[in-house]
Amino acid sequence: MTKIEKIVLSYSGGLDTSIILKWLQETYGCEVVTFTADLGQGEELEPARAKAEMSGVKDIRIVDLREEFVSDFVFPMLRANALYEGQYLLGSSIARPLIAKHLVGIAREVGADAVAHGATGKGNDQIRFELAVNALDPSIKVIAPWRQWNIRSRLQLSEYAEKHRIPVPSDKRGEAPFSIDANLLHTSTEGKSLENPAEVAPDHVYQRTVDPVDAPDTPEIITVGFERGDPVSVNGKAMTPAALLTELNGLGGRHGVGRLDLVENRFIGMKSRGIYETPGGTILLAAHRGIESITLDRAAAHLKDEIMPRYAELIYNGFWFAPEREMLQALIDHSQAFVSGEVTLRLYKGSASVISRASPCSLYSADLVTFEESTIAFDHHDAEGFIRLNGLRLRSWAARNGR
């Protein structure tokens, strides 16, 4: 077997990847480069640098990917109104292909033989990372420590950390923390008491949103502007993609928008329960649907609705770089040519409700739909022929069945 000389590790600075860093150094006896993607998770970045330095890492990469994350991954997904199993806004799923892209890029830059990740053998992320690497550079070896070492539990992980003097994190109450994944689109919380779906999630698991019960008693009215399917402004102020999502996270979070307690079906075959907070994404989904409602043709809108579950499943399962996802993306992007305008929403105690929408490209005609006298010629008698033709097969079916 060819000896591995250099590894690039996707590194968060959390317990798992801190232990993996040490394990890689001991097991392979080679240089390990750490790569930390700044996706808007916040506090983790500088501590990650310090921990990597303490472990003897010479090449530490912390890359600001916030704008690329939102513009090239979140917004294309938003154009599809993507929801996995009708609920999940794919906050973790959509981040993995971007991380993998830069993991591969750094590996090529530094001449690494392999990349490594901290995903467990039970989760979806191992699949997402490795399918992405397969699509981007099959020559790069992927090391998945959770599938190779003898550590089989969180207790054993803590024992390894203690043996090697790796700090074991705790939450504000001094307890072992939940498993948390955060980026500009969402925060997910899993593990511990949440593994029992019959147990109500404790209040302290929520980090980005207030309890809707405690949200302001006065609604807040906001406006989101769109150009060709992508959000470009909030309350009339143009913003970069990352700044826009950050702004909506703040607005939605204080009104308790975007909470989801979900049991989902993992690609690998088991069910899992997670708490998701996606305030900005929830607002954008409602707003995007609102602007599409007046700018998309009926058949085009219905076709988008039909392909959306397949598109969302491809992202969830790790096929972002697969040809079928790119084919669907081309169709979705083509549909957005006239999806421009403004949507006004009311944020109130956990809800983000569309209350008005306007577009220079609108297909909505008040003159055509009005109950009053119209200037547009529409003969009500034409509906009789329309109904008769559409009822033809039903009359034949009824006659056959003796109705």
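Glycine is treated like the rest: Cβ placed from N, Cα and C.
Binding of ATP is attributed by Swiss-Prot to SER10, TYR11, SER12, GLY13, GLY14, LEU15, ASP16, THR17, SER18, ALA37, and within the candidate set GLY91, GLY105, GLY111, GLY118 the record adds GLY118 to that site. For the binding-site residues listed here (SER93, THR120, SER188), the lowest count of other CB atoms within 10 A around the CB belongs to THR120. Within 10 Å (C-alpha to C-alpha) of SER93 (L-citrulline binding site) lie the following binding-site residues from SER10, SER12, GLY14, ASP16, ASP125: ASP125. Here the binding-site residues are SER10, ASN124, SER179, and the one with the most other Cβ atoms within 10 Å of its Cβ is SER10. The binding-site residues considered are SER12, SER18; of these, SER12 has the fewest other C-beta atoms within 10 angstroms of its C-beta.
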